[in-house]
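So the structure is just underneath, and the comments pick up after that.
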Amino acid sequence: MVKVVVCGAAGGIGQPLSLLLKQSDLITHLALYDIVNAPGVAADLSHINTLSRVTGHGKDSLAEALKDAHTVVIPAGVPRKPGMTRDDLFKVNASIVRDLAEGCAQYCPKAFILVISNPVNSTVPIVCEVLKKARVFDPRRIFGVTTLDVVRSSTFLHQIKPAFVPHANRITVVGGHSGATIVPLLSQITQKDVSLTPEEIKTLTHRIQFGGDEVVKAKDGAGSATLSMAYAGARFTTSLLEASVRGRKGLVESTYVHLGGNPGAEANIAATGLAYFAQDVELGPEGVAKVLALPKLSAEEQAQVKIAIGELKGNIAKGVSFIVDIPAKL
């Protein structure tokens, strides 16, 4: 029995994410939680002819939703609007993520937790600090989903270099999940017939870093990246299930994790001086099987990582402080 819970299942990301997860043959029970409309979304999805059972849970049924969960995916929160940064979302989304993390600590302390809610650079530390307080923290089981940066990287590269096969090649993205903290390692492209000029690298890197702004602007106040984020979230969830349920080996994804206590993370702790960082991670039965060391970076990438580290220090401190320095709920 593999129960996957989507918290925020009736939202702009939650609905298409739940639709994609309903297609997985690795999930036996898909539990949808939201403060409104989750039972309706569940009823709709339950008509799809795949084997997983679907249940809907409202705001008073969080315990029922989370009980016995194998994996909890959290896209809950408010979307970004024109002029907003991911950091602007903190005031609202921090409380939402904290409350859901407290639920996980109580009702499914051994579940894998996949955080999509922005700002990921700060919300992942919130989840970890909540679990630390509850004494159920396992750094191998908490992930910030940065897969959309990876998806955008291969998509945007294909658009300027059609020879690059976007669905067959993965570009490592390190750092974090906002603006200048997103560092695509374009120097690591291994497809021999694809090369980039310095100017192309500069332009492509900027587009990857601020790709979310394209969608926010195009939707003209009606939302942010929901469909592409749902696709990316489903992809990461599926990879984790393949590794943890099916036992598939060698699966690597870029993801934002707590470095301390994770196998292989020592090199990246030394290189960054940070407690949290996005990099390639090999997935396994317990979540993180191994954090892969940063590859040799180009001079430009080294400079970008330095900038990312500076921003991440503040993002991480903000998330940690929200739990450590504010003992009572707002």
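From the backbone N, Cα and C atoms, a Cβ is placed for every residue, glycine too.
These come from TrEMBL:
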| type | residues | note |
| --- | --- | --- |
| DOMAIN | 2-144 | domain 'Lactate/malate dehydrogenase N-terminal' |
| BINDING | GLY8, ALA9, ALA10, GLY11, GLY12, ILE13, GLY14, ASP34, ASN93, ILE116, SER117, ASN118, MET229 | NAD(+) binding site |
| BINDING | ARG80, ARG86, ASN118, ARG152 | substrate binding site |
| DOMAIN | 146-322 | domain 'Lactate/malate dehydrogenase C-terminal' |
| ACT_SITE | HIS177 | active site, proton acceptor |
DSSP-assigned states of the domain 'Lactate/malate dehydrogenase N-terminal' (2-144) in counts, ordered helix, strand, coil: 60 helix, 26 strand, 57 coil
Overall pLDDT for the domain 'Lactate/malate dehydrogenase C-terminal' (146-322), taken as the rounded mean: 96
Rounded inter-Cα distance in Å - ARG152 (substrate binding site), GLY8 (NAD(+) binding site): 23
For ARG80 (substrate binding site), the number of other Cβ atoms found within 10 Å of its own Cβ: 21
Packing count at GLY8 (NAD(+) binding site) (other Cβ atoms within 10 Å of its Cβ): 26
Among GLY12, GLY14, the one of these binding-site residues whose Cβ has the fewest neighbouring Cβ atoms within 10 Å: GLY12
Cα-proximity to ASN93 (NAD(+) binding site), 10 Å cut-off, over recorded positions ARG80, ASN118, HIS177: ASN118
Distance [Cα-Cα, Å, rounded] between MET229 (NAD(+) binding site) and the residue listed as 'active site, proton acceptor': 12
